[in-house]
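Peer 1: Here's a structure for you.
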């Protein structure tokens, strides 16, 4: 490539490296203006002479600072990165590199960019040597010092996958099979599911339609390694001339290098396991406003006098400060809160204000929970649920419960003595005196009163349900690709939102109503408003299904959990991803924010609950105890207790106060991600409650801190 060579020659001349310039001119036979055709062959006459190619900044990433003498370390602002022979690159998008012994030949082909992503797997080495290359590296890593071994072992899995795919793509099927059989047993246990998918790809044709593998190809696998371990690896690969592996490291891995002590096996194990490796540290640096919005102020006393004449005026006045010190809502603006008008939120209606007043009164009678005072648990068991219970939700005031079923129905029950009633017909409504005080009561039709209402409309299993905060609406999402909004006044469907083309796994209303989020098999989450039939935001970035969604208590952020084993936090204002949390070893199925907005708890098929500090972007705890998928997580109203419900038929209660105190969130921990989790989470476990044979699919704390749990009895 003539331009590249000219650029390098100019760079060498500017740097007064006359000798290197002359050597390069001779080698490239670029004596005059002649550059034989469009194929440039750069040959090094002896291993000691470095052939140098220039890469524009960004192409090589920071991890590529290979050294050519001491002066070539990349400085911020340098125009080019220098590479020595073993990692030669030419900055053409479709360059192909072939190696034979000491001679490195760079062949630049004029291919159109249309060629599929997979074309990067064009033959790059002798297929029979792949096993030798891999076992050589394996031997080197296993014989390195303990402090480096744990970090370098992270390379095994991504290299294994890429080398296998490269063999398959180039149709060396028998070598690929032998390579897979020999080394797949060495991989970490949490990659078993991925390896199962990989083992089914045995022909080039199989790779074209496989999305998981295409993702592996296009997204760089992220490894976090200390500078010392990285230098050790680089030196080894360059000495061994192990170009095949070095190429894969350069092309397909993103090595996030940090200065300081290498991490221990425990520290690495806590953070790895996702489809694309760890999160880059940069991904968790953005500022997040995790504080709560200021609550509007009400005069509770007036209300109290109206309703309960016998109450003296002093009492309600005492109630409000108590609510404040209990924790979640305060008069003062939280320094970490977003500006009040950062995103437009709906105005409070009179009925909402009344509800808030009721809420405050309930809160005054709330039980303060703690290790000495655990909540009572009321379990709602769905008996004979042969329709297949797939989702549950409970209203904030705990008056209604909804079940989504595999037979595509949505069923709403009243759990108070008050029956569910529909509004009267239009003809009957016209007869009502609209000025009367009890008009809201009169519009209800007593003839329709019943404990259960069944909503028909979906054409596939219902996977997610969510009540609006004002209890006027209900959302449901289904395998049919739609999200439906139902009226709880008429028990009819108002809107079907069509945006997802595949099953929608979860949906949830914002804590302020109006907005809601949905996530599905198409790997994206969508933000909607009830009065728009198109989504307002599309959050794209996960590499597999979005399995669960949750709004932050201040409604400015949305958390999504995915089958790619990561959790992402998205900013509703601009749609940016502001946090990526890795550490789970299986698909995520439950999310819960702490009431103060600072922490996030996540549960997955690996049976672990992980705790995250949102502000610092760090894992701060791991709760082990469940033996199966965790489908339900909920903090008590004041955040003292975390309840988790699982397919192992248990509800467990954890001490959240103790889990979050004395956190190591100093600058060093944040910068390197060196987290030290306590060995044993049993001292945080406050209680385990077994059901007879009912997997727990939903948990809910009432306003007075009674814990409600729900699930369908299974007879097996």
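Glycine too: its Cβ is placed from the backbone N, Cα and C atoms.
Heads up, here are the entries from TrEMBL:
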| type | residues | note |
| --- | --- | --- |
| COMPBIAS | 300-311 | compositional bias 'Acidic residues' |
| COMPBIAS | 323-334 | compositional bias 'Basic and acidic residues' |
| DOMAIN | 125-253 | domain 'TFIID subunit TAF5 NTD2' |
| REGION | 56-77 | region 'Disordered' |
| REGION | 300-352 | region 'Disordered' |
| REPEAT | 382-423 | repeat 'WD' |
| REPEAT | 455-490 | repeat 'WD' |
| REPEAT | 497-528 | repeat 'WD' |
| REPEAT | 539-580 | repeat 'WD' |
| REPEAT | 581-614 | repeat 'WD' |
| REPEAT | 623-655 | repeat 'WD' |
Peer 1: Is the repeat 'WD' (497-528) packed against any residues at least 6 beyond its ends, judged by a Cβ distance under 8 Å, and which are they?
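Peer 2: Same-chain contacts beyond the flanks: 345-346, 460, 463-470, 473, 475-485, 534-540, 542-551, 553, 555, 558, 560, 562, 570, 572.
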Peer 1: Do any residues of this chain, six or more beyond the ends of the repeat 'WD' (382-423), have a C-beta under 8 angstroms from a C-beta of it, and if so which?
Peer 2: 355, 358-359, 429, 443-446, 448-467, 469, 471, 474, 476, 478, 480, 486, 488-491, 697-698, 700, 702-703, 706, 708, 710-713
Peer 1: Can you tell me which parts of the same chain pack against the repeat 'WD' (581-614), counting only residues 6+ beyond its ends and a CB-CB cutoff under 8 A?
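Peer 2: For the repeat 'WD' (581-614), the list is 190, 193, 270-274, 277-279, 284, 288, 290-292, 327-328, 336, 544-545, 547-554, 559-563, 565-569, 620-635, 637-639, 642, 644, 646, 648, 654, 656, 659-660, 663, 665.
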Peer 1: Could you break down the residues of the repeat 'WD' (539-580) into DSSP helix, strand and coil, giving a count for each?
Peer 2: 0 helix, 24 strand, 18 coil
